[in-house]
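Structure first, commentary second.
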Amino acid sequence: MDSVKHFLQFKDFSRAEFDYLFERSRWIKTQFKAYRKYWPLCDRTLVMIFEKASTRTRLSFEAGMQQLGGSAIYLNSRDSQLQRGESVEDAAQVISRMSDVVMIRTFEQAIIERFAAHSRVPVINGLTNEYHPCQIVADIFTFIEHRGPIQGKTVAWIGDSNNVCNTWLQAAEVLDFKIQVSTPPGYEVEAGRAGLHGTGHFEQFSDPMDAARQADLVTTDVWTSMGFEAENEERRRDFADWQVDSEMMRIARPQALFMHCLPVHRGEEVSAAVIDGPQSVVWDEAENRMHTQKALLEYLLLGRVEVAGPPSRSGSNSNSSKEMP
Ligand code: CP
Ligand code: NVA
């Protein structure tokens with residue numbers, strides 16, 4: 001099934017593909033805002049598999065698929081055979097014969113890679129321990145809406161070097177901007193996660209104020225990600241000086257935006273004054289999950305369509321295999 005195109009990490013797509021996706025997201029969002037029907041995925045089915053909790057990812061994929069004329073089915077490990085020993089490979093064979101596209105939120109990235117290797121249809125990463133690519137597509141689309149192209153700009157990441165941070169690191173290389181990261185000691189970016197090509201898009205700072213200096217965007221995430229709850233108390237102590245507050249926003253550029261993938265813990269990774277303040281665009285960011293993922297679903301299922309018009313059905317469904325065995 002090597003010929004099927006998936007979205008498992010941010011770097012799976014090229015800069016040209018993201019430029020196209022951002023353009024499509026803008027058009028799709030405009031249709032939604034004007035209550036115009038756009039149903040290119042009529043009769044298509046998205047299966048969503050959740051092995052971790054979600055509000056935004058489930059809602060944005062499910063609502064988005066419905067708005068494109070398709071349907072979405074929700075599975076979780078508790079109510080399916082996934083936690084009872086059925087192999088990932090077998091699940092992929094079966095699920096991908098009954099659907100047109102699959103979204104998975106799970107633990108190790110290796111799980112989604114194995115699923116994709118045995119899937120007849122495109123697989124989308126809805127968050128793993130290592131990456132959260134759909135989030136960063138929405139974040140960059142939001143940045144572009146507010147401030148124009150992100151190329152050449154500086155993003156400050158303050159806090160844990162987690163799945164969201166790892167995805168920003170990939171995005172900086174693909175889309176050519178700088179990422180300045182500050183984590184507490186012991187939580188630094190893992191070797192090999194960034195700067196693989198020595199491109200100089202990534203710099204690490206021990207002082208979070210240095211990372212925020214002159215940034216065009218300051219962003220952070222929870223101190224403890226899903227799956228790491230046992231470390232909660234220790235992390236609360238270790239991360240206490242890594243809160244994005246008004247003083248930190250003042251050291252960034254005057255026009256700097258603040259983003260957070262949500263859910264947030266006000267008073268931990270960010271102060272209420274910042275996330276509820278004028279530089280914060282977190283609600284646009286959350287809404288844009290839906291518009292950008294609609295563009296992603298359209299692209300994975302129909303390929304490139306005319307930017308301003310309805311999709312051509314001629315090239316449709318080439319990114320999957322429904323042939324008889
Ligand atoms: N940002 C995000 O992925 O949110 P959920 O965990 O609610 O899906
Ligand atoms: N880093 C967080 C993101 C949640 C959307 C987690 O993995 O729990």
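Backbone N, Cα and C define each Cβ position, glycine as well.
It should be emphasised that the depicted structure is a prediction, and the values quoted were computed from it without experimental measurement.
Per TrEMBL, the feature carbamoyl phosphate binding site maps to Ser54, Thr55, Arg56, Thr57, Gln81, Arg105, His132, Pro133, Cys134, Gln135, Cys261, Leu262, Arg289. Under the three-state DSSP scheme, Cys134 (carbamoyl phosphate binding site) falls in the helix class. Non-local neighbourhood of Cys134 (carbamoyl phosphate binding site): Phe7, Thr57, Ile124, Asn125, Gly126, Leu127, Arg289, Thr292, Gln293, Leu296, each in the same chain, at least six residues away, with C-beta under 8 Å from its C-beta.
Residues or ranges marked as L-ornithine binding site in TrEMBL: Asn163, Asp221, Ser225, Met226. Long-range neighbours of Met226 (L-ornithine binding site) (same chain, six or more residues apart, CB within less than 8 Å of its CB): Lys52, Ala53.
Under the heading domain 'Aspartate/ornithine carbamoyltransferase carbamoyl-P binding', TrEMBL lists 5-145.
The feature domain 'Aspartate/ornithine carbamoyltransferase Asp/Orn-binding' is assigned by TrEMBL to 151-299. On the 0 to 100 pLDDT scale, the domain 'Aspartate/ornithine carbamoyltransferase Asp/Orn-binding' (151-299) averages 96 in this prediction.
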Local Cβ density at Cys261 (carbamoyl phosphate binding site) - other Cβ atoms counted within 10 Å: 26
Could you check which of the binding-site residues Asn163, Asp221, Ser225 is the closest Cα neighbour of Cys261 (carbamoyl phosphate binding site)? Asp221
Going along the chain, which residues six or more apart from Ser225 (L-ornithine binding site) have their CB under 8 A from its CB? Asn129, Asp160, Asn162, Asn163
Which one is it: of the binding-site residues Arg56, His132, Arg289, which Cβ has the fewest other Cβ atoms within 10 Å in this structure? Arg56
Run through the domain 'Aspartate/ornithine carbamoyltransferase carbamoyl-P binding' (5-145) and tell me, per DSSP, how many residues are helix, strand and coil. 69 helix, 21 strand, 51 coil
